[in-house]
Amino acid sequence: MERDFDLGMGRPGGLGGLGGEPIMQQMPQPAPHHPSRSSNDHNVKNLMKQAEENSGYLTLQGNRRKADLKELQFVEDIGHGSCGTVTKCRYKSVIMAVKTMPRTSNSYEMSRILMDLDVICLSFDCPYIVRCFGYFITNFDVRVCMECMATCLDRLLIRIKQPIPERIIGKLSVSIIKALHYLKTKHQIMHRDVKPSNILLDWSGVIKLCDFGIAGRLIESRAHSKQAGCPLYMGPERLDPNNFDSYDIRSDVWSFGVTLVELATGQYPYAGTEFDMMSKILNDEPPRLDPAKFSPDFCQLVESCLQRDPTMRPNYDMLLQHPFVVHHEKIETDVEEWFADVMGECG
């Protein structure tokens, strides 16, 4: 399973999730300006020192213990990307996924790694975000030990060669909206890279959000950097070169809507070169679901998320109250059984 390691600029300030045991209080607000390269280098070095103090500890079954990197036993490769690799490893009796990212002198890349670490450690109490057991920082790399999931949704679509049923997407929607809502309400964090490759599924049917390297700290509920994220899932307001305004979580709502269309149809809704696709996002009417194939509530949910004007899109509280989401939160859907069936069909 190939994984997409999109890593982005971290926020200024302390490492709320890396400063020892998990903490519940909100982190300090960052200064509302872009630091110079030299100040950012200094900031990254300080944050790395904080992180190093808690390197080598794993929290397993509620117990935090000092661990030796040598005790991690390699099992198999899971995937790789331009910025790192993921392997399946065993620590004593626990199977885990270990994401290894090289340490570099590039403060931009290191701030991304630190951001990913920070968010995943902060989110220890959220059942909809992939769980982190701990991490190891060496002179050469950073290794993050996480729960081992079965696959990500983009690789699943490629493997099963068919769309994901609406009833399964309903359960996926509940989990992802709750994960995004948690990040916003509890930590004032915006994911900024919502897409199928960052949604994980395990064999028990549990759905979780991952990859927080380019998440952004919100200042008065708004984000200011427009570079972060995969452009093919960005809202028009983030792609428009003439738009210099900040944006809010409703940009992630657009990304969520595009993801829903891709899962429901089995393919990304725009065609052509990357330039062509970005041009269509900016200029064409947003994609819609075929009402002959999907329920009215599902079609309306997608339509509400994919509004060109971001102020017309719902926020997370509104999404959680949407009839499609409310319905699928209440009903029982055997995601585990469906997943086992489709994986069995494709060998």
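Backbone N, Cα and C define each Cβ position, glycine as well.
Swiss-Prot annotations:
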{"type": "ACT_SITE", "residues": "Asp193", "note": "active site, proton acceptor"}
{"type": "BINDING", "residues": "Ile78, Gly79, His80, Gly81, Ser82, Cys83, Gly84, Thr85, Val86, Lys99", "note": "ATP binding site"}
{"type": "COMPBIAS", "residues": "10-20", "note": "compositional bias 'Gly residues'"}
{"type": "DOMAIN", "residues": "72-325", "note": "domain 'Protein kinase'"}
{"type": "MOD_RES", "residues": "Ser221", "note": "phosphoserine"}
{"type": "MOD_RES", "residues": "Ser225", "note": "phosphoserine"}
{"type": "REGION", "residues": "1-42", "note": "region 'Disordered'"}
Which whole-number value in Å describes the distance between the Cα atoms of Ile78 (ATP binding site) and Asp193 (active site, proton acceptor)?
21
Looking only at DSSP and grouping its letters into three states, which state does Ile78 (ATP binding site) belong to?
strand
Between Gly84 (ATP binding site) and Asp193 (active site, proton acceptor), find the distance joining the two CA atoms and give it rounded to the nearest Å.
17
